[in-house]
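Annotated features in TrEMBL:
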- 37-98: domain 'P-type ATPase N-terminal' (DOMAIN)
- 296-318: transmembrane segment (TRANSMEM)
- 338-357: transmembrane segment (TRANSMEM)
- 411, 412, 413, 495, 536, 559, 592, 672, 673, 674, 762, 768, 791, 792: ATP binding site (BINDING)
- 411: active site, 4-aspartylphosphate intermediate (ACT_SITE)
- 881-902: transmembrane segment (TRANSMEM)
- 923-945: transmembrane segment (TRANSMEM)
- 965-985: transmembrane segment (TRANSMEM)
- 992-1016: transmembrane segment (TRANSMEM)
- 1036-1059: transmembrane segment (TRANSMEM)
């Protein structure tokens, strides 16, 4: 593997240089990178911004292609045969009968690889041709991404992706603040805040850019997404200015809620942190291919044994008959050349028997897979009209793996969810408003009660709280005074959903200044003074603002998770029980919830608290802890206003799809960079978590605690460890780091294997790949990873099968994937229909290919018994060579492309059918050798029955005798008929095209035989075949055998199939019969599962008792409470604190255009 990695890196470097990448980096300083700004060409050359995720380039195609092809043992074997055939006097079949087919096969495989890699190049080119504004020579030029260079100053506008890694110079927001969406990198849904340096914040136009000159010194390119060290030296400042990660904008991120930014390119192309976290396109090999390769090795060993046996038998025969058959010249061999003769004899038999391994196997398999890939591409059911995205098989090599998947590793943001928050329901004063079944919130009842209900004051406070208690910034509108035209910038998608919902209810957050917020409450403008903001953190799980109302009252508004708000209410709050019931209802609908409360503060209480708050906020040591303690003192005795329910909108039919996947025996692992609360809430929304399951949580601070907790859980599982259980495991990235350590890895794996669902949150892209690698290498199961962001590339490439979603987070995941789809729900049809069909079809193609070759070519061994092991061939040499190309090519193609075990609708309605292919019931060592033995059995009947007919040589009425070639052509005809009819016996669906393939193949031999018998002397080939067709067809023995021998040969197969389908039917065969009878097979499929379901339920009851019984004050991690995911997603410990962030804005001032 190390050698292969080195080859891959070398080939990439060669490819980069061939593509004219003259900007390749040759830095002279090994410790830092020096970049000049506005000072002409750079002193060093850097990597260009052109990126490539393809497998090949013009220079690397031939060596990499040949390397991949000759990793297949069959190709190495036939290359050796080609070499041996060039030795004069050795090959009984000529010099080119293997070289020509092998060359044709390699050319076809090369064409297939080229077509597939061209698709990757097209997708790469689409990314490289994206446009961005670059500042050059005093003007902004719209330029392709691939022409961006290190040191360039670029302007990125709102909702555009960053073309490279940039250092932020300035932005259109106050104090050079900008918002970026990093879900493409880390999976987090909230926006991040970045801030440029104060020394460059004044640059708002091209004229000011012209005066910016200086130097950036920074670290060399590395994979650390969250770390950066550098300095900026500008001419207007005497000292270097430090740069950190807060000033860096990474490629793959997107500018959001910010009009524009200027940035200097520091890393480009494959030097960007995004690309450094991606690996080169791996050469994946399927499980079926690996099993086949091993069996080919065994066949090769068997072939060598046969050659040794035949060589020895030949020498024995020659020694016994050299005097009797002196005319053969056997006694003329010199003693000194005896061993040379034995060696040549061995090579002769090696060439003679080489076709036991089918030379056409690889091209047949590749062609079948290639066309199967187009079946996926053409499937209209997997077309997404919303994004105009059809399903796309970017490689055809892994089609059969789709039918064997046991583990799915899924991203969350953009894969399971749309990253859209929608306000759906609320509870105010003990009354529920809205419905979880309606797409948008209906506020009719709420607005009605606002004016004429006893809870009208609570409703007013509720609406005012949501319109003021947040960190949202309204977008300044210069040409309008209408409050409804306002747009919002929000780092939290939850807050954006709440403020937008208030606007739809005519409570419009309209303006923000450093000290005030202004709302339009049903046409009346109200200004609230912001006195303090108590920030949200994952520990506090709440956010509060202290405001002074227009009526000069001081109020504290607080919103947060239900458990933290409820414990801070005034005693005996009358709405607490009703609100709790409504929270249950929201949770059942999969909504993210917030509880809202408030209290009125006296001036004396507030002023006394403010003194302590200022002391805590200016403390040198433990500032954050002191501020949190002070906040606790005022966030108490709250009056409960109600609760909100926000839907983190899932992709269409995600819960149903996940349920279907689990019914198919597939285990779901969600790997996300998002917070634990958000991830768990989505788990409940998607129905992969429930309160009926045993829910385990791992959240430890060090390796020892992690190891102790893992071992405790494993012990509690007892005999149920590594079995199917109704259990779930939630682990965060910090704990996962310890769990993946060598001392904990096996316990973690055993625990995870015992769970139906695993959720890993706050994980990095590298950890995602490590988790997939752990399962992939530790189990014999097929893994699939699916995602849509650049942070998913690692796990997509690591898994056996990678699926990319062409979503809104860019195309990096799609470019690195093996298959692309428009939405997660299409994964079910990709696996259940195309996966199962491809697997079963390919298995039949492989087994049938070996069968038909063994059936024909083992005849040479039987013939050797009657030819003194002389190496004489039974069949004409070119008919041997084209057996796989013409006469038996169509049946395996028909099996591989047209055979269908069940209809697509049945496969989708009965996911349990998937378990059959998942368990590899159609292709394994036992089945492979059963087919091989069946082929040997058929060859015995075909040869010896034919030989028995001609044993007295008289084959014609006129007393004319037959020859060995007559026997050979008769047997050849019977073999073609038998192997074609065998394809029909193995087919699950007899279609018109299947009939054409079978009967057409048989007819093609008769037509070819009739023509080929008369090509000599017109063409200088096959002189011995002259008139052979007439010779064979005029024999009554031939026509008698044409009826008797194939029927006799296939009789045992037919009887076996009848008995098996009558008394030992498989689930698939039962379903087929139900389909033919037009009955619903779902009840039949369900009836095959009851014992398994009952065992799992029994184990769940036992495990819950065990975990409850063993819990102590030191034991954590068993979550048996009702979970309410709270709706808050906010950046913590950002470059700009939330309090300062909102005080930077004055929306009454127009923003600079940056021109």
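These residue numbers are counts, starting from 1, taken along the chain as shown.
Glycine is no exception: its Cβ is also placed from the backbone N, Cα and C atoms.
Note: TrEMBL annotation is automatic and uncurated.
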Neighbour count (Cβ, 10 Å) for residue 791 (ATP binding site): 33
Long-range neighbours of the transmembrane segment (992-1016), counting only residues six or more past its ends (CB under 8 A): 879, 886-891, 893-894, 898-899, 969, 972-973, 976-977, 980-981, 983-984, 1022-1023, 1025-1030, 1032
Listed stretch, out of 338-357, 923-945, 965-985, 1036-1059, that has the most CB pairs under 8 angstroms to the transmembrane segment (881-902): 965-985
Sparsest Cβ surroundings (other CB atoms within 10 Å) among the binding-site residues 411, 536, 592, 673: 536
Span of the ATP site, taken as the largest CA to CA distance across 411, 412, 413, 495, 536, 559, 592, 672, 673, 674, 762, 768, 791, 792 (Å, rounded to a whole number): 33
Number of other Cβ atoms within 10 Å of the Cβ of residue 413 (ATP binding site) across all protein chains: 29
Cβ contacts under 8 Å made by the transmembrane segment (338-357) with residues that lie 6+ beyond its boundaries: 74, 77-78, 81, 84-85, 87, 89-93, 98, 296, 299-300, 302-304, 306-308, 310-311, 314-315, 853-854, 856-858, 860-861, 871, 873, 880, 883
Contacting positions for the transmembrane segment (296-318) when only residues 6+ beyond its ends and CB under 8 Å are counted: 73-74, 77, 330, 342, 345-346, 349-350, 353-354, 356-357, 850, 861, 864, 868-871, 932
Contacting positions for the transmembrane segment (965-985) when only residues 6+ beyond its ends and CB under 8 Å are counted: 848, 851-852, 855-856, 859, 863, 873-876, 879, 887-888, 891-892, 894-895, 938-939, 942-943, 946-947, 950, 955, 994, 997-999, 1001-1002, 1005-1006, 1009, 1024-1025, 1028, 1031-1032, 1035, 1037-1038, 1041-1042, 1045-1046, 1049-1050, 1053-1054, 1057
Close in space, distant in sequence - residue 762 (ATP binding site), Cβ under 8 Å, 6 or more apart: 672, 673, 674, 675, 676, 732, 733, 734
Integer average pLDDT (0 to 100) for the domain 'P-type ATPase N-terminal' (37-98): 83
Secondary structure content of the domain 'P-type ATPase N-terminal' (37-98), with strand meaning DSSP E or B: 22 helix, 1 strand, 39 coil
